[in-house]
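Data block below; observations after.
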Ligand code: AP5
Ligand code: MG
Ligand code: ZN
């Protein structure tokens, strides 16, 4: 059976970490607007480059992200969708292009989110996620998986992290409420080890 999973959560909630595990476990596509935009940060659009929005912690305009998601989903059999929809217009667009089998919210306290974001390191080559305290690599600055260099995302400064959280509470909380009102939202406590959180998500997907 193919799975169409939507993973919602604030910046730092663990969407990327858990999506990678889900993609592995179920052989589905990891569709993430954040990674897609980072790979095309300098792309000229009629609104400017994605970089100009992302480095400020603001949302990239809907037409740009809608197009990315539509293309990615039309190629995917099953998927885990991470980082989209982030406002009600995107949620409306998504409902027109696909059905979902599971909608899961990763619930994490705000101060924990800030610590996770400011300590995050990502592999410049393969994109694997680390954290200086919570998930350190075996050798500092070096990716366990591919030996690539670990870097800090430009939007992971404390100031920009807090701005991204504001943007989440203003724009994306209404999306969470929308799925809750529809009765399809399952909330998962995201404050445990990544493996424990994954077990909780797997329970939801399989039951
Ligand atoms: P995006 O890349 O999606 O960033 P985000 O939503 O802010 O989420 P993050 O990637 O920061 O967090 P995450 O939940 O994936 O957490 P992670 O697993 O890495 O978007 C970036 C920007 O792109 C946006 O600001 C916007 O400008 C633009 N954009 C993207 N999508 C858009 C859209 N739809 N519309 C408009 N604009 C869009 O974990 C975080 C850290 O915590 C890591 O270090 C990890 O190792 C650690 N960690 C994870 N799980 C645990 C755990 N259980 N315990 C301890 N530590 C943990
Ligand atoms: Mg992410
Ligand atoms: Zn790597």
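Each residue, glycine too, has its Cβ placed from N, Cα and C.
It should be emphasised that the depicted structure is a prediction, and the values quoted were computed from it without experimental measurement.
Counted within 10 Å of its Cβ, the other Cβ atoms near residue 16 (ATP binding site) come to 21, all protein chains included. TrEMBL lists 12, 13, 14, 15, 16, 17, 120, 192 with the feature ATP binding site.
Cβ neighbour count for residue 33 (AMP binding site) (all protein chains, 10 Å cutoff from its Cβ): 23. The feature AMP binding site is assigned by TrEMBL to 33, 38, 58, 59, 60, 83, 84, 85, 86, 90, 153, 164.
Within its own chain, the region 'LID' (119-156) has Cβ neighbours under 8 Å at 12, 16-17, 20, 35, 38, 54-55, 57, 164, 194, counting only residues six or more beyond its boundaries. Annotated region 'LID' per TrEMBL: 119-156, in sequence order.
The domain 'Adenylate kinase active site lid' annotation in TrEMBL covers 120-155.
Under the heading Zn(2+) binding site, TrEMBL lists 123, 126, 143, 146. In this structure, residue 123 (Zn(2+) binding site) is part of a beta strand by DSSP.
Fewest other C-beta atoms within 10 Å: among the binding-site residues 13, 123, 143, 146, that description fits 146. Under the DSSP three-state reduction, residue 16 (ATP binding site) is assigned to helix. Listed in chain order, the residues near the Zn(2+) site other than 123, 126, 143, 146 are 124, 125, 127, 128, 144, 145, 147, 148, each with its Cβ within 8 Å of the site Cβ centroid. Ligand 3 lies within reach of 123 from the binding-site residues 14, 17, 86, 123, judged by a C-beta closer than 6 angstroms to any of its atoms. Across the annotated binding residues for AMP (33, 38, 58, 59, 60, 83, 84, 85, 86, 90, 153, 164), the two most widely spaced Cα atoms sit 25 Å apart.
Reduced to three states, the DSSP call for residue 33 (AMP binding site) is helix.
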